[in-house]
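J.: Dropping the structure in here first, questions after.
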Amino acid sequence: MTNIRKTHPLMKIVNNAFIDLPAPSNISSWWNFGSLLGICLMLQILTGLFLAMHYTSDTATAFSSVTHICRDVNYGWIIRYMHANGASMFFICLFMHVGRGLYYGSYMFLETWNIGVILLFATMATAFMGYVLPWGQMSFWGATVITNLLSAIPYIGTNLVEWIWGGFSVDKATLTRFFAFHFILPFIIMALAMVHLLFLHETGSNNPTGISSDVDKIPFHPYYTIKDILGALLLILALMLLVLFTPDLLGDPDNYTPANPLNTPPHIKPEWYFLFAYAILRSIPNKLGGVLALVLSILILVLMPLLHTSKQRSMMFRPISQCLFWILVADLLTLTWIGGQPVEHPYIIIGQLASIMYFLLILILMPTASTIENNLLKW
């Protein structure tokens, strides 16, 4: 009798995706982040569901309801902090996952890569709206500043902002709709993640060498299931260390002050995972220019397959490109630091230089380095 997992219509899908899937024999731990992102997403949906049971999306009670969750609900504090810090772990995994894709040339799987970029945008939108929900000072002013950026769009900008706000400022209507969107988006992300996997399984995984691994495949289970379990344990360990020892490490103290439209905090800044993009936005003195640079800083990922000039797919055997890749990582860390600093000398000029460097590296230096490497190998 044939095994049920190979015949049952539903089990067959699971089997072909997670059990009998032919996987390259040499994929490293950098390939763990896909499954870790799946775990993060499930964790966020579960903790978010339990938070939504006690949260009220009204300006008068939102802040109090979060306090109530932390003080009065059974283990409410741990659910709240797992959700808040879970978002940080989610973005750490996301950045590692995208970085892996850039380093090893995974962007050559066009459909998978483009769905991935859409997933990144959707996750950023979800995280932004989630940050507004506790209705603290940084929630309110963050929402005001970021939504206001849309007013830079010529002709329709102002109308668009007021339409999103549901009034003439960030208020009840804004909070309610942000809660609705924050609830629905993770399920859209889950559906997109399935499409992401569907496209990936059309081609099979890439591997560190960037060379076809069709000649040397191993079954996903037990080899990579056990590897993913180890990754998951380390992820949960890191998350719980954060939650149980320093739950507010990555948060902003201003968010423990209830939202007050009459009092602007001295330094308005988003969560740490948006700081690099925020620094790029602030480094351009023009409003529309800043917004365009902000969007392009992420949208530039879509251009990666077009900017690939090397005859090799991966950077594994390309030392000049490797060097530039790590300079790009250092540049992004610099931008993250600058995004959290006040707008004054010397931070302004450092931010502007780091922003120029970011686009210069991706658009000019890395493709040039690839061409030089081709010539060095007489290709």
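Numbers run from 1 along the shown chain.
Just so it is clear, glycine is given a Cβ too, placed from its N, Cα and C backbone atoms.
Sharing the feature lines straight out of Swiss-Prot:
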BINDING   His83, His182  heme b b562 binding site
BINDING   His97, His196  heme b b566 binding site
BINDING   His201  ubiquinone binding site
TRANSMEM  33-53  transmembrane segment
TRANSMEM  77-98  transmembrane segment
TRANSMEM  113-133  transmembrane segment
TRANSMEM  178-198  transmembrane segment
TRANSMEM  226-246  transmembrane segment
TRANSMEM  288-308  transmembrane segment
TRANSMEM  320-340  transmembrane segment
TRANSMEM  347-367  transmembrane segment
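Please go over these features one by one and say how buried each is and what sits next to it.
T.: Cβ contacts within 10 Å of His182 (heme b b562 binding site), excluding its own Cβ and spanning all protein chains shown: 21.
In three-state terms derived from DSSP, His97 (heme b b566 binding site) belongs to a helical segment. Every protein chain considered, the tally of other Cβ atoms within 10 Å of the Cβ of His97 (heme b b566 binding site) stands at 20.
Listed in sequence order, Asn16, Ala17, Leu21 are the same-chain residues at least 6 apart in sequence whose CB falls under 8 Å from the CB of His201 (ubiquinone binding site). In the three-state DSSP scheme, His201 (ubiquinone binding site) falls into the helix class.
Using a Cβ-Cβ cut-off under 8 Å and counting only residues 6 or more beyond its ends in the same chain, the transmembrane segment (178-198) has close neighbours at 17, 37-38, 41, 44-45, 48, 52, 55, 57, 112, 115-116, 118-119, 122-123, 125-126, 129-130, 132-133, 143.
Sequence-remote contacts of a segment are chain residues at least 6 beyond its ends whose Cβ falls under 8 Å from one of its Cβ atoms, and for the transmembrane segment (226-246) they are 29, 32-33, 35-36, 39-40, 78, 81-82, 85-86, 88-89, 93.
If one looks beyond the transmembrane segment (320-340) by at least 6 residues along the same chain, the residues whose Cβ comes under 8 Å of a Cβ in the stretch are 99, 102-103, 269-270, 272, 274-280, 282, 310, 347, 350-351, 354-355, 357-358, 361-362, 365-366, 369-370, 372-373.
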J.: Run through the Cβ atoms and count how many others sit within 10 Å of the one on His196 (heme b b566 binding site).
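T.: Taking all protein chains shown, His196 (heme b b566 binding site) has 21 Cβ neighbours within 10 Å.
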J.: Would you mind listing the long-range same-chain contacts of the transmembrane segment (33-53), meaning Cβ under 8 Å and 6+ residues beyond its ends?
T.: 69, 79-80, 82-83, 86-87, 89-90, 93-94, 96-97, 100, 182-183, 186-187, 189-190, 193, 228, 231-232, 235
